[in-house]
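In what follows, a single structure is set out as structure tokens and then discussed.
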Amino acid sequence: MADKQISLPAKLINGGIAGLIGVTCVFPIDLAKTRLQNQQNGSRLYTSMSDCLIKTIRSEGYFGMYRGAAVNLTLVTPEKAIKLAANDFFRHHLSKDGKITLFKEMLAGCGAGTCQVIVTTPMEMLKIQLQDAGRIGKRRSNLAKTALFVTLCTAQRKLMPETVAAGTVETKSPTAMQITRQLLREKGIAGLYKGLGATLLRDVPFSIIYFPLFANLNNFGKRGAEGPAPFYVSFISGCVAGSTAAVAVNPVDVIKTRLQSLTRGNTEDTYAGVTDCIRKIMRNEGPSAFLKGAYCRALVIAPLFGIAQVVYFLGVGEFILSFLPKKDK
């Protein structure tokens, strides 16, 4: 991937396949990350990633870990297509005589990250609502049970059937299409792009950190001055660079997740923007809150880039394209 020239159509196919496989493999960890990041002091349901996944399986079943996965699987291919095409476009126009400097590589990554948010923002917006629905439902259920218990103890009377129904009936989680229609009806297209600024603040620095770091780590393992790096070196370089960039931008990811969450508990803060979110998190939860879900995010990103390396190494895109009829020269 780092050393061989690959055509743009093959890159798009490889990127899409890598995204689909990666999302399927690591989505439960991404769900845990979202729920951990949305927890505020006084409303903690989960103590760790493993605790979150165990409680999710118990209360929502195995497929509860894949809430919102359909949105990601649908939009991950166009997201990768835009990012890869934009990166190629900027690299082509910034390079001179086939060579490109480190600074210009960073600029190309910056441009690709900026273009990527066209798809990333609405995808993350919808995904977060679906991922966090179980946490909100669990919290409301716990509050209802507590209120019911207090009522029973205070009144010291027999439980009425209607009270039981009110305390135990759970509301059905909305679908992605229902959320989309509601946002478009109430706020227009801007509703799907809530948190756009925070998404830019996350994705642009991520690309600026990842691409140069990966290139330099990969160069250390090259066979000689001109030889390509072995596959395992590229694989490890992708994992290390991806997880490092993920942890570095995690504070902004926490802010983005909080801003894009539309449903909150009665005791949880709401935010007017990026600066308001930063101020309230610092005041109510302290600086450590910006690292919530950091290890989950690192565990999500590292395999994604590792899987991408495998797909590119195997040449899946090139293999598929080889079956297409070739034009006569």
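Every residue gets a Cβ built from N, Cα and C, even glycine.
It is 12-29, from the ranges 12-29, 192-209, that TrEMBL records as transmembrane segment. With helix defined as DSSP H, G or I and strand as E or B, the repeat 'Solcar' (6-93) counts 73 helix, 0 strand, 15 coil. Remote same-chain residues near the transmembrane segment (298-324) are listed as 1, 6-7, 9-15, 17-19, 21-22, 25-26, 29-30, 33, 49, 214, 231, 234-235, 238-243, 245-247 (criterion: CB distance under 8 Å, separation of at least six residues from the stretch ends). Counting residue by residue with DSSP, the repeat 'Solcar' (229-318) contains 69 helix, 0 strand, 21 coil.
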